[in-house]
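The transmembrane segment feature in TrEMBL is assigned to 46-69, 75-96, 162-181, 187-208, 294-315, 335-360, 372-393, 413-441, 453-474, 500-522.
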Amino acid sequence: MGLNKPCILLIVISGMERFAFKGVASNLVTYLTDVMGMSNSSAAKYVNGWVGFTSMLPLIVATLADSYWDRCSTILASSVLYAAGLLALTSTAVRWPWIPTNKVRSITSLSWSLYMISLGQGGYNPSLQAFGADQLESEDELPHTNNNDDQSSDKKSLFFQWWYFGVCCGSLLGVSVMSYIQDTLGWGLGFAIPTLSMIVSILMFLCGNRFYMRKQSKTTDGKSFEEIVQTIKASLSKMINGVNGLSNNGYTKVELELQEKPLCGQDLDHESGYGENQEQCVPPLKAARIVLRLLPVWIMLLMFAVIFQQPVTFFTKQGMTMKRNIGSKFKIPPAALQSAITVSIIILMPWYDMFFIPLVRKITRNEKGISVMQRMGIGMFLSVIAMIIAAITERRRLEIGRNMEVSSEDVPFSIFWLLPQYILLGISDIFTVVGMQEFFYSEVPVRMRTMGIALYTSVFGVGSFLSAFLISVIEYLTCSRGKKDSWFSDDMTKARLDKYYWFLALSSSISLLAFVIFCRFFRQRTGVVAA
């Protein structure tokens, strides 16, 4: 695989964490409705809110972790909190059947457990991934040449690719195995197994302690985050005070002092500005600017994140109305088709290195094949194609249902016609999601790389909230007067999901066009034009 032992171990650990998380999250709606007695709408809103909060939290926690803790300590502390939340969730599920409690109190207890998991994951995931990528740095401590830089970039691309492969394997097992256990053998056991998986992953992390490479960070004294805030405040104060000489002098002095003071101690032996010291000693204002320059890319990826929400919502709703029989007795669960995304990633990910990259190298004559920005752009394009196919498929489903005048749940149209849109989204993930991880990791200073990974996860958190917002706005605008039919009508013969898919395809196309134009002007930190 071309990766060292610590990287491989951390990839396995990340897969175990995904198994634990997906084992809880994938079937949580069923637990809320069947056990906790919530309505379908309340349960869906609850899960959406929790998932959005969980995805956004790393952006805050990782910033503090970069400023005050080293990555190894953050991983251990966060994993303990993560496991404690899973234990609390398991105890809630185990005691529920025979200990009658107030419903509100039970939901409160459940919420505490889930948000403990969110807090733990907020520091755990970005820190673990950044720590894994750091393990490659020990192999790059040679004098910097173009060949060494290219090899380092290739290894990091390989790491992020196999990291996502491990995450997908854990997710697939969590979705398929744990949902079956929870539905057939009980929720206590169904939550206990993910808890055990998380505890074992912590022990594995501790066992690999002697293999890890830890960066000897220059002492930050926990002030990097504070200094960035102070720098921004000083800059804003300067702007507000305008050209007032007396009041402006004080703020200018503060600003200049902070700009001259790096995030860590200066090493006077490295005045040339090359090597690791250049990465670690970044003035606070410059560090803030580096993060801000990534925001356009972050914004343009939001529509991809909105499309990412469709398989667990409307794709599943489509499947419920279609022919799902295999034989005379067995019916395919509509949500089971979500596994097609993960399976396509697991099967096709190795082909990316074996076939796609060698082919592209011959065309582009670039040793790496394609740049990170180009990789993300290809995935965004494939997601647009997936939504176009979804719109055409949904239009065909509506025509068959209306022509035959059948109920919304008896359309004689095979559910397997949905597979192309699922598989295309899986392929788009191979390009865009892996590219996002590498991009946000590589484009921030070393001391802020945990926050770089958090920027990547926050795209999907905001995308989840944006998806809910778009649904609310479109539902309000498309409801006819005196009726409650809209694009998202409960009666699937009257719903117009095809129009919604066309809307998402158009919006994503605009985002893709803006992304391509932006790439023409964006320069990566290495100084090479991104696209």
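Here, residue 1 is simply the first one shown, and the rest follow in order.
Even glycines carry a Cβ here, placed using N, Cα and C.
Packing against the transmembrane segment (75-96) from elsewhere in the chain are residues 17, 20, 24, 31, 35, 61, 69, 106, 109-110, 112-124, 127-128, 131, 187-188, 190-192, 194-195, 198-199, 201-202, 205-206: each is 6 or more residues past its ends and has a CB under 8 Å from a CB in it. Sequence-distant contacts of the transmembrane segment (372-393) (same chain, six or more residues past either end, CB-CB distance under 8 Å): 157, 301, 304, 307-308, 310, 315, 318, 417-418, 420-421, 424-425, 427-436, 438-439, 442, 498-499, 501-502, 504-505, 508-509, 511-512, 515-516, 519, 522, 524, 530-531.
Each of 162-181, 187-208, 500-522 was scored by its Cβ pairs under 8 Å to the transmembrane segment (335-360), and the highest score goes to 162-181. Here the transmembrane segment (162-181) has Cβ contacts under 8 Å with residues 1, 3, 11-12, 14-24, 26-27, 30, 129, 132, 189-190, 193-194, 336, 338-339, 342-343, 345-346, 349-350, 429-430, 433-434, 437 of the same chain, all six or more residues outside its ends. Long-range contacts of the transmembrane segment (500-522) within the same chain, counting only residues at least 6 positions beyond its ends with a Cβ under 8 Å from a Cβ of the stretch, are 296-297, 300-304, 306-307, 310, 314, 373-374, 376-377, 380-381, 383-384, 387-388, 390-391, 394, 474, 487-488, 529-531. Same-chain neighbours of the transmembrane segment (453-474): 48, 51-63, 125-127, 129-130, 291, 294, 298, 301-306, 308-309, 313, 436-437, 439-441, 444, 486-488, 500, 503, counting only residues six or more beyond its ends whose CB sits under 8 Å from a CB of the stretch.
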